[in-house]
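Heads up, the thing below is written out as structure tokens.
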Amino acid sequence: MKEKIVKVILILLGGAFLIIMLVLPLATVLVYALRQGFETFSKAITDEYAVKALHLTLLATGITVIVNTIFGVFAAWTIAKFRFRGKQALTTLIDIPFSISPIIAGLVFILVFGRIGWAYPLLEAWDIKIVFAVPGIVLATIFVTFPFVSRELIPLMQAQGSDEEEAAALMGAGGFRIFFKVTLPHIKWGLLYGVILCTARSLGEFGAVSVVSGHLRGKTNTLPLHVEILFNEFKLTAAFSVSSILVLIAVIILILRNIVEYRVKREER
Amino acid sequence: MYVELQNINKRFGSFQAADNVSFSIEKGKLIGLLGPSGSGKTTILRMIAGLETPDGGDIIIDGQRVNSLPASSRGIGFVFQNYALFRYMTVFDNIAFGLEVQKKDKAYIKQRVNELIKLIGLEGLEKRRPHQLSGGQKQRVAFARALAPNPHLLLLDEPFAAIDAKIRKELRTWLRETINKVGITSIFVTHDQEEAVEVADEIIITNSGRIEQIGTPIDIYKNPATPFAAKFIGESIVIENYGQLHGFETSEGYLKAIIRPEFVRVTKKEQEIYPHASERGTVEAIFFRGNMLELRLTVGGLKFISYRSLEDDVITVGEEVSILIYRLYLYNDYQVRLVENMAFKANDAFTI
């Protein structure tokens, strides 16, 4: 009986916390966005700068996810399948973006590629712009999100061991065949899960991107930065309208995540 | 010699897995690499396969030095301890994998895989996934998969370790027969001496990275070359002060002796035949071993084990009995010597 009461109280507490901290704010976003009618809402999200910001966000996310998926698979493969000195150090290094504030990540790029950075003369000679341009935004997003895929894969691949890969190699299979025929079927759901997390984080990345972006409207403004600008200009309805796009994407991702998580669990059985 | 290892060394950190290992294997033989866990036997197998690189020494297969040859081009079949079947492929695809890698045509692959499935007796299970198979079936699939690309050497790492005792015996006989049928040179690793003795043509005993002895099972059993080999093959008990036993009074520099249960014969006091050569001892305990009795005996502080047929006269715990010891292995740190019971021999000669 006592246990039952504790259980109910804990569930209620958890639920209340979630409602106050997550559901209410998100609902508020939608309510605020639609407060002045649907027309204002659609005007805000079809605004030229909003659309351009969305494009840039999708571009940066697309590149980031591709790069980080490839990097993540390589890193996880290396760590899980080989024995070498400094393996622990590499694993720790991969986690650095998780423990570093995004703003520092942004500043790092300014310090390297910006006007005061050591790589600046070189970049100028080649006429490449990184800071306050799209490449900088992409780099910052990649930096911030690169642990997601490898973090998902490393424990998975370590648990599997390398026997199956060794068996395939002994029969003369090359690296590509081993990866696609033996390793990939095992890690595909974990990989997809990592990709989804990476996508979600890339879409919403604010701190690091804010530092390197330069906030040029229509050029280096991502969707989260666009929301900030609108907010600072007291265009609250527009800000919330644009935010609602991000919220919508987040909800879709959440649903995808749950489906994949379910599949992963089933696979493990 | 078909497979030759010359002065192979391998070290993992402070662990010496192979310490100047040399041996050679004749074509068509089934060899058992036998040793306790951590003796380096699996490492030796993995070095032959190319999954580990030796720190020094040469591995020669079919006259070719293969040290720098990658595992994939050595043409070796390997059966892993936990089978390592591709869990996302069917039985058919598992066996076909090696052939697909070799880009054989479809008709040939189909014919070869079906032939192997027949050989392992799993007809009708081609579409199963590994997790739908029993341990013994998995083992057979792993075996067929290793054989599919027609390797000229088959390596098996603890092939029976993960199978329950009853099927293990059956599978051992099956494997022995199948390997004979296929006629492939094979090396298997095991820590189970019974398994090695039963299956192998020749046994290589390893201990802490070194080879202790190479020989046929009977040869090793009868003439162990090192104290380790004597203790490891067959059942053995170590005794000290063996000089107090009749017929073993003369000791020359050997401190301890190894005795096997089959070296000890127990008779009831009244039926004693060789009083000069026998001891008097007490039965401490009796265990039923399924098809015989195991007797625990003490003779003046020394403890022995002996087996007794269920057909023999009943002996009870605490009874004083006559104990005849035929022979002992005397040993020191370096060598082993077989000594017969001198009193018994003299006695024997006298009666003739």
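Placement of Cβ uses the backbone N, Cα and C atoms for every residue, glycine included.
Feature list (source: TrEMBL):
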- A:54-257: domain 'ABC transmembrane type-1' (DOMAIN)
- A:9-34: transmembrane segment (TRANSMEM)
- A:54-80: transmembrane segment (TRANSMEM)
- A:92-118: transmembrane segment (TRANSMEM)
- A:130-149: transmembrane segment (TRANSMEM)
- A:191-216: transmembrane segment (TRANSMEM)
- A:236-256: transmembrane segment (TRANSMEM)
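Through the fold, the transmembrane segment (A:9-34) approaches residues 41, 44, 236-237, 240-241, 243-244, 247 of its own chain, all at least 6 residues removed from its boundaries and within a Cβ separation under 8 Å.
Non-local neighbours of the transmembrane segment (A:236-256) in the same chain are 26, 29-30, 32-33, 35-36, 40-41, 44-45, 47, 50, 53-54, 196, 199-200, 203-204, 223-224, 226-227, 230; each lies 6+ residues outside the stretch with a CB under 8 Å from one of its CB atoms.
Note on the transmembrane segment (A:54-80): residues 87, 90-91, 94, 134, 137-138, 141-142, 145-146, 148-150, 152-154, 156-158, 160, 162, 179, 183, 187, 191, 194-195, 198-199, 202-203, 209, 220-224, 245 of its chain, located 6 or more positions outside it, place their CB under 8 angstroms from a CB of the stretch.
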